[in-house]
2 protein chains.
Amino acid sequence: MKSDIEIAREAKLKKISEIAKEIGIDEEYIEPYGKFIAKVNLNFLKKISERKDGKLILVTAITPTPAGEGKTTTSIGLSMALNKLGKKSIVTLREPSLGPVFGIKGGAAGGGYSQVLPMENINLHFTGDIHAISSAHNLISAVIDSHIKFGNELKINPAKVFWKRTMDMNDRALRQIVVGLGGNTNGLPREDGFIITAASEIMAILCLAKDLKDLKERLGNIVLAESFDKKLIKVRDLKIEGALTVLLKDAIKPNLVQTIENTPAFIHGGPFANIAHGTNSIISTKMALKLADYVVTEAGFAADLGAEKYLDFVTQVANFNVNAVVLVATIKALKYHGGVNKNDLSKENVDAMLKGMDNLKTHIENLKLYNVPVVVALNVFPTDTENELKAFSNNCNAPHAFLRAFQMGSEGAIDLAKLVTENISETPHTPIVNFNMSIEEKLETLATKIYRAKKVIYTDKAKSKLKFLKRHGFENLPVIVAKTQSSISDDPKKINAPKNYDFTIRDFELSAGAGFVVALAGEIMRMPGLSKIPNATNIDIDEDGNIIGLS
Amino acid sequence: MKSDIEIAREAKLKKISEIAKEIGIDEEYIEPYGKFIAKVNLNFLKKISERKDGKLILVTAITPTPAGEGKTTTSIGLSMALNKLGKKSIVTLREPSLGPVFGIKGGAAGGGYSQVLPMENINLHFTGDIHAISSAHNLISAVIDSHIKFGNELKINPAKVFWKRTMDMNDRALRQIVVGLGGNTNGLPREDGFIITAASEIMAILCLAKDLKDLKERLGNIVLAESFDKKLIKVRDLKIEGALTVLLKDAIKPNLVQTIENTPAFIHGGPFANIAHGTNSIISTKMALKLADYVVTEAGFAADLGAEKYLDFVTQVANFNVNAVVLVATIKALKYHGGVNKNDLSKENVDAMLKGMDNLKTHIENLKLYNVPVVVALNVFPTDTENELKAFSNNCNAPHAFLRAFQMGSEGAIDLAKLVTENISETPHTPIVNFNMSIEEKLETLATKIYRAKKVIYTDKAKSKLKFLKRHGFENLPVIVAKTQSSISDDPKKINAPKNYDFTIRDFELSAGAGFVVALAGEIMRMPGLSKIPNATNIDIDEDGNIIGLS
């Protein structure tokens, strides 16, 4: 099969103004970035705000394995297939981060015959949203250190600055650093570090903000540091929430692109799915819901992380209703959960696959707690055997379809699309976590119902941080659990369907601007590193501007 | 008078496609960024490469003082006035950096009635060029540290990494840092620092590159570090020059905008004028020369820095010919050079002004060494008195015009425009520095002829670095002098017209990718800081997206 970039280059793209016109966005609201990408002015959302929402389909997956699952290609393929069935459908996705593009993972614009285009631009600087977030984030840091240097009126304790710097790069050398060296001219030395921009609270904020006013409010609420007299220092105390909002004035506008089959796609925002909520911006999904019959959106990592956060948190903030969930699985991944070594996943092994289906079943059971229809998409690989596929069908206790969107585009997703349209719920889904519960109640609910733990254990550090949160009035914030994506539990080694274990909360972090508390149930990497031979060494461009090595 | 942003908001902008059409750029070569900004595809430059060049007018200034001079408003006003006179004129300028926008200086899109628009976007992320440069720059750093961690095949000496990291921010706490702390997972600790992106060698390279191929070649040539066995490590050794070029594939394309009077402007690239050559990209000026009768371009800082580098270096690299130089002066600045305290510059003082005219005369004499006509633009301020203006006219030994472009736009620059058209040279200007001279010969020429020094002194460090450069075969690279902009000499305290002093070279730095050696004749700030109350605290935006506080 051809490489992603070869397939992408052969596609015939429509001008983005045409794509916009087809979904009813007037020319005056379109701000083009090149011929094939546009931002949509937020005034358009105001104009169409009274329209009825389309149906929202959430794409999620079983617990990820080294074999991959293909959520993004599924989302793109499903949306293209819905369009082929004569439905108006828009897919809304997250923006790729540059770090992984040059690191190990490559791009995030789908793959094969289910891509969003122009993939080169989407995978590179795109419309500059992530750069804008980096600038806003780092302006805060520069102002903090400058404030400390020039008299420190707010009495910021340099040892209690929670706000790290950021860069959209896989750069492990920046994880832990000392800044402000070189004497008084350069300020005061203190420990600091960089996180990747996707992990910035500003990324989460941008994806949750309803409009410019809400954005500014949330930015002002960010808690940065503690003062020597134990007060919390917010962005608002530095008086720069206006400047930050100015830096984000274009980043807040949804990005419109097209799929390889010229159907519309919004690619906007990309927060992590462990320390944040892991899905594209509320604004872009809201806009899509006003324009389409079906909106297909994707949540990061597996269902216990991305889908849980979407169904419990994002939908309550955004006032969305999810009408169906598509749960992606692969035969290979099921075999991995069934105990097969990652080098043997191409060999037929029906028994292991059946064993690994416990992971799938757990996610299905979990999702049904939300009173939402679940459709399973089995993403078919060339190595899957007839026996395996048949055994899967016979043992899958939910409506399911075989998917070949990577190899065939919409044609490979037609069965799934039909199945989804037949399984759309008309009644609202029901979150299992109520915003009014205490932090502990929320965690108890998630740990026992979703993560299948016996009980929640809090380390001393977590207990002390919980007191801190309560003292400062944050005891009723929504809770975002940061845990491994490799297991339903808090232990990456527990594959398949762990249960009856102790779920340990090690620490809490406050994202007061985004409006949630992060409960840390594991080591979470906020700044990835490059591999020994990074993907950057494979990427090149010729004299005419043709790129190779991007995928 | 209204604020810059108020004036900007009242302007009626034409669509950028119209501006492009008026100067003959076909629709197919235009890549819009919103409605009023476009990048021009480099294939267009190929297509028109056989056309004859228009006339090139270089705008420079006397030695800067706290009073300011107004080079950018002069350049914009002059180009608008040339258009008003029925000439086809394009102004080519540098891109503003975000650091100063949020720091102390504010934006760099002109001012008053001589602005380039949309000033908000130009002063913020614009088309993302500077962000792209930051990404490319920092990818190199990440790969260096990753290479060292994973076995260090190239034997890079961590204590001899010349390549610092970069950020487009005024952030003094990042000037001197230690990275790689936290144990083996995070790599090896070493000293490092951040420079502002405008000071990155990649910024200089982007502005000197002729096309994608030349860009990749120059990026590959960057010297990053020394190995334990004293070899120089280049970007090419890391095999990432292709990935860097990919990151810069759009940044290399000129940005087309318009002035407040709807005349065309290219704003592209923005290297420092001390440690680099200080002017917009060669590609954008080349494109402008193929499209206009007159191209007005600006060089950074005063004539001894920006104009010297333009006339001696940029034009030889680009094969440009400068047909006239406009030297900007103000009565206030002349009084400052004449010894008046900065708080008294609004008071009439003809004698001080006449004394300060020695600075102007020195720059005029210097420029005449290049066999290029010099026209003086006296940028008139409301506080200038009749007596002062009359005395200026009587004592200025070069053609001169009074300029009121800030207050009146093109109307205020008509006299200057007429004078410039009458003083266009048809013969090539003659550089005073020959690329074949040795580094010492080049410095001797500049120090004695331009900086008016008695002789050049080299510190021991400079002598040793000179040997290093010769050992590695760089003895014939062009020389870029990095010195204070506040004096013609190497001492910022020596205002007006210093002479017969010792010009001291403290150190050299190699910019092998950009293709020059930097001779350091002073402390050069590569990472500015914020002031106690940064401009960021003045900037705000309302619910409808109207910005205040940008200038």
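Cβ atoms are placed via backbone N, Cα and C, with glycine included.
Straight from TrEMBL, the features:
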BINDING   B:THR65, B:PRO66, B:ALA67, B:GLY68, B:GLU69, B:GLY70, B:LYS71, B:THR72  ATP binding site
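Classification of B:THR72 (ATP binding site) by DSSP places it within a helix. Counted within 10 Å of its Cβ, the other Cβ atoms near B:THR65 (ATP binding site) come to 22, all protein chains included.
Using a 10 Å Cβ-Cβ cutoff, B:GLY70 (ATP binding site) registers 27 neighbours. Listed in sequence order, B:THR330, B:ALA333 are the same-chain residues at least 6 apart in sequence whose CB falls under 8 Å from the CB of B:GLY68 (ATP binding site). Note on B:GLU69 (ATP binding site): other Cβ atoms within 10 Å of its Cβ, all shown chains, come to 23. The number of other Cβ atoms within 10 Å of the Cβ belonging to B:LYS71 (ATP binding site), over all protein chains shown, comes to 25. Counting other C-beta atoms within 10 Å of each candidate's C-beta, the binding-site residues B:PRO66, B:THR72 are led by B:THR72. In three-state terms derived from DSSP, B:THR65 (ATP binding site) belongs to neither a helical nor a strand segment and is classed as coil.
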